Amino acid sequence: MNKRTFGLVAPVVLWLSLFLIIPMAAVVVVSFMQRDNLGNIIWNFNFDNYARFFDPLYLGIYWDTIWVSLISTVLCLLLSYPLAYYITTVSARAQKLWLIAITIPFWINFLIRTYAWVILLRTQGIVNSLLLDIGLIREPLQLLYTDGAVILGMVYTFIPYMVLPIYVALEQMDKRLLEAASDLGASRWKSFWHITLPQTKTGIMTGSVLVFVTTTGMYVISDILGGAKSQMLSNIIQNQFLGARDWPFGSALSVIFIISSMIIIGLFNRAMRSKYDASREAKA
Amino acid sequence: MNKKWIALLLTGILALTVLAGCTGGSSQPTLNLYGWADNFDPKMIEKFEKENNVKVNYTYFANNEELLAKIKAGGANYDLIQPSDYMVATMVQQGLLEELNKDNIPNFKHLADKFKNPEYDPDNKHSVTYMSGVTGIAYNKKYIKEVPDSWEDLWNPAYKGKVLLLDDNREVIGMALKKAGKSNSSRDDAEINAAVNDLRKLVPNVLAFDTDSIKQKMIQEEAWIGTLWSGDAAFAAAENPDIAYVVPKEGSTIFSDNFAIPKGAKNKELAEKFINFMMDPQNSATNYEAIGYSNPIAAAKPHHSKEYNENPMINLTDEEMNRTEWLADVGDKIQLYDRLWTELKSGQ
């Protein structure tokens, strides 16, 4: 490495080591320690915290977390793909407006947006009042503090993360392929299935990984919209640090969480790549 | 529409997310107050800021354990904190609190005698009581026709999905222990397990676990009945007159929130000035009228309104007070409490 490249890379290396590598290393080290009753860390190397994760209690919560995130990701995808597709079909000016509309919610604090759902969904909230007024229901529905409310909050929050990458993929697609397909007599559905979908796989993949990994790490939504009844893994981690005075176990859970996220991303990458290759081979 | 534009858009989103945590600086001295939510009349904080030409930065914690974790991770960022009774003892034991200089707090003399020299902090060396209350049952008279008198009433199957519980393992397990006639700080495995098994039967009735915004859920009539702190109940009843309050016959938990200064605080004198300001009889009367808790300043009584002095949620009777018990530290049993609490909340 010559001097100039070093000069260019040094700030990034410093940044990464200060804010990523050192804190991560601290978490890993603490995860192998013990703690006393007052929550002080005892420097005694052991694997107990990792063994504790395999208790059915924590495995069950881990499974629930994966499940909620999976449902949220699939719903996000189902809602976002048609929207992204639609946006690519309108005029350039309208596209810009659509993209701005999708990003505007990010200008408002995430917590405020989540509490706004409380106002909408509670028993005396806007949705229930409306349904009561038009006579569709007689008793207010319990919309809030349910698993459905948690998933709704997740999907709402993360839709932009799904729409934007899919939009970019659709936008970059070679439209001539579709013309060629239609010239050769392929139906619109067939050309979507064999051309558009494989061509936008990177967008789908990026969006899904972004949404899935972020939802597994989300704990605010399950607290506010779920009434702290359904617990996600991140709620447990938060509780170990802020409630149970058990930083070593919280650290161990964090390490497991990071590793499992990395495995999921890796698997997804590989699955997408091999599928993509297979479809290309089939065509060839 | 080009790619550059999209890239810019995405970068903008990320930048906004990062910058959300930043706040601007200021040359005024700042008192960093870390307390319970809605624990002060905002007007009184403004008055203090104006009188002393300072800024008060008031942030919240949801429970004592969170406070402890934050203070241990770097308490010097805060000048004034509000630990509850047993947490004062824990913090003193760990050397996390400064000794108070009473010369800076002349209004200490106005504090009612029963709050002076408490068990958890003899001679008030490290703390001064700010407020005190008990945990009881708040209910909405519109939906609950029979006046509840026992914790057992929360288990009534007619209240399915309408019960609120505090999001605090010591409070809730302590409540179930009291219901069974045990101490709220039991260290006996069998007693604790039995209490949690009882709570499992309560879970289908539970609308939500909440501490910070439990009052709003009562006021908005999302819930019919729940475990509330007496001051929160008084606050809720002021907003929604259908809300009433009882201290169940089995007895309940009494608590006090205190002022204390963490070790190494940068503005210790300013913090003491704030304590003194809040203990002034006139100031404290205005403050407690707004927040709904009972005022521990004996000399403030004549400054309060008639409604306040006659409110049963604020002025609990001696008979009610005699049925209450302080939470005590449970040592290594806290692990059992935490585990059972996690099981309870995740429905396992």
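Placed from the backbone N, Cα and C atoms, the Cβ positions cover glycine too.
No curator has checked TrEMBL annotations; they are predicted automatically.
What TrEMBL lists as transmembrane segment is A:12-33 (among others).
The domain 'ABC transmembrane type-1' annotation in TrEMBL covers A:62-268.
Listed as Cβ neighbours of the transmembrane segment (A:66-85) (distance under 8 Å, sequence separation of 6 or more from its ends, same chain) are residues 147, 150-151, 154-155, 158-159, 161-163, 166-167, 170, 203-204, 207-208, 211-212, 215-216, 230, 232. Per TrEMBL, transmembrane segment is recorded for A:66-85 (among others).
Sequence-distant neighbours of the transmembrane segment (A:97-120) (same chain, 6+ residues past either end, Cβ-Cβ under 8 Å): 87, 90, 126-127, 144, 149, 152-153, 156-157, 159-160, 163-164, 167, 220-221, 224-225. Annotation comment: TrEMBL describes A:97-120 (among others) as transmembrane segment.
Look at TrEMBL and you will find A:149-170 (among others) tagged as transmembrane segment. Among residues of the same chain six or more beyond the transmembrane segment (A:149-170), those with a C-beta under 8 A of the stretch's C-beta atoms are 68-69, 71-72, 75-77, 79-81, 83-85, 87-88, 99, 102-103, 105-106, 110, 113-114, 117, 121, 143, 196, 199-204, 206-208, 210-211, 214-215, 218, 221-222, 224-226, 230.
Within its own chain, the transmembrane segment (A:209-228) has Cβ neighbours under 8 Å at 65-66, 68-70, 72-73, 76-77, 110-111, 114-115, 117-118, 121, 144-147, 149-150, 152-154, 157-158, 161-162, 165, 234-235, 237-238, 257, 261, 264-265, 268, counting only residues six or more beyond its boundaries. For A:209-228 (among others), the entry in TrEMBL reads transmembrane segment.
Sequence annotations record features per position, and here TrEMBL assigns transmembrane segment to A:248-268 (among others).
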Where else in the chain does the transmembrane segment (A:248-268) make close Cβ contacts, counting only residues six or more beyond its ends and a cut-off under 8 Å? 24, 27-28, 30-35, 41, 49-50, 52-53, 58, 205, 208-209, 212-213, 216-217, 233-234, 236-238, 240-241
